[in-house]
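According to TrEMBL, the feature transmembrane segment maps to 33-56, 76-100, 152-172, 178-199, 263-287, 299-320. Residues annotated as domain 'ABC transporter' in TrEMBL: 357-599.
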Amino acid sequence: MSAPTTHAGPRRPTPPVLLLVTEALRTDRAAMVGLLGTLTVFATLPAGLAVASGALVGGLDRLRALGWPGASRQVLLAAAGLGLVFLAQLVLPMVARVVAERVGRALDRAVSGRVVAALAAPTGLERLEGPDTQELISGVRGGLIATNLRDAVTGLVNIGLVRAAATLSALVLLGYRWWVALGLLAAYLVAMVVVSRLYQRQLVSADGTPAGLARALYLKSLIITPGAAKEVRIFGLADWLLAGYRDEWSRALARVRAERSGALRVSVVSTVAVAAGQALVFVPLAADLTAGALTPGRFTAFAVAAVGCGGFLLASPDLLHIAVGGETVRAVRELERSSGPTTAGTARRPVPRAGAIVFDGVGFRYPGSPDWVLRGLDLTIEPGTSTAVVGVNGAGKTTLVKLLCGFYRPTEGRILVGGVDLRDLDPVRWQRHCAALFQDWIRWSLPLRDNVLLGAPGHPAEQHELDEVAKTSGLDQVVDELPAGWDTVLSREFDGVDLSGGQWQRVGLARALWATRAGAGVLLLDEPTSALDVRGETELYDLLLAAAPGRTVVLISHRFATVRRADQILVLAGGRVVERGDHRSLMDAGGEYAAMFTAQARRFREEDQA
Ligand SMILES: Nc1ncnc2c1ncn2[C@@H]1O[C@H](COP(=O)(O)OP(=O)(O)OP(=O)(O)O)[C@@H](O)[C@H]1O
């Protein structure tokens, strides 16, 4: 049953100004209230200017008629008022801009932190890989959010200052002739709508720009990234990367630039048209002055008010900054909304201590992809046993592990853990229960000790336990050779050392093992030892199994010498398990496994003989 509809049409999106003001108030209420107060005071200044200059001219008029000291009080008061207004007009915008800068920076920090928190919160990867999220991530990483929000808050203040002042000036004109004030206001409103539309169009044309800019910056960064340095040199990629960077950069900005020049033309035309309207106000004013219907003082007050209305004409980039900042806030709110249910959903059952892992008719397509990676997948992994998964490249082995970790939900079918659907388990506890080493595990630029301990942050680190883990993963020799042992930073970038591929793999294994020590019951290894020689890998696997008694181990490997030791071997093809059994039974069956094993064994024999 679908949820009852609460409104007839799509809801109007909240205007960017409102979004920015509410977020800014949430971030730094005191500064924002001060800012709004400053704006309110500033808004009265042009009206004050009109009144004070009118009073001064009127006073001078009286002075001519009455002389000193009869009109002196009015003249002096008006002059003092005028001076105060000028001073405030000078000081208040400066104060407002400084406060706006502070609020903008605070907002930027808060929003960037919220994006990171929202991205880190979900246990699944779907949201993280979505194109909208990618754009936000590009924005956070490239510092674009920082610029967006700071410029938007400053823009709010700039526009707020002039618009508020212009509105009060228009109100002063009401005291002259209501139809003049309203006519002028109507003309300005039309111009404002036209200009806002133009900026909105610019915003639409900027859609996708952050992603384009991020691609460009990525290409440029490759030229100076140590990790890419070898290939950049050996294949002579520097020129190609630089050209690609320039190309992506200008393509990303091409539409924005084209739109910007169009916008400039139209805003100039609308500004001139409205300025002409404003000038027309001086016709009745002059006529009334000449006819004696207006005193020189009142004429001056209204003339100054008419000029003060010019703030409406402002078609500045601030409007674009406000629109962009508003969109950023909207996107962040949307991200937070969509991240919420994944973490705080209904799935709260504790992880069963015992019981098999069962894939029951599991089918899976990656979000947005029409292709089934797995379909009709049935398999059982008994607790405390080892299972090896084999299959050709792209068969879906890693995908199977990712589903098991709860990074994605099956498109169809279900995964049961001790009889409980994975969807109903507490996702965070389940992920802590799985220790995994993926093909692309992280090489933290941190001391070796942290590289291992991060397998279970917060778990008390006893040195003898760390040493045992190092022994099991073959890391002990590496520790002995490192200049500062466990405290050696594993990165040259941070004044440390770098390890070989095989040594790094042992670090990764030690991390996964540390997680099992901390209580993880399932050990998932996705080609964890591909950089080791065959003998090293086989020995290591034996050690691992011995070091993780009672743990459920799932191993993905293309090395059959290792695979053969598993209690159960699954052959994956066409998205399903096509063969299962232990090494002996699969060899006896003479199927795909036997063929792959024999081919690999023959190759190794030939290599040995050679
Ligand atoms: N994040 C993703 N989004 C869309 N498709 C993906 C994603 N990750 C993997 N795939 C696709 O899913 C299929 C299975 O990939 P998977 O990595 O599970 O294969 P594999 O058996 O582990 O391969 P290999 O032996 O090469 O590691 C491939 O066609 C791959 O392109």
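Numbering starts at 1 and runs along the chain as displayed.
Including glycine, each Cβ sits where the backbone N, Cα and C put it.
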Leading contact stretch, 76-100, 152-172, 263-287 vs the transmembrane segment (178-199) - CB distance under 8 Å:
263-287
Tell me, what is the mean pLDDT of the domain 'ABC transporter' (357-599)?
89
Please give the sequence-distant neighbours of the transmembrane segment (152-172): residues at least 6 beyond its ends with Cβ less than 8 Å from one of its Cβ atoms.
16-17, 20-21, 24, 35, 39-40, 42-47, 50-51, 93, 96-97, 99-101, 103-104, 107, 181, 184-185, 188, 301-302, 304-312, 314, 316-322, 324-326, 328
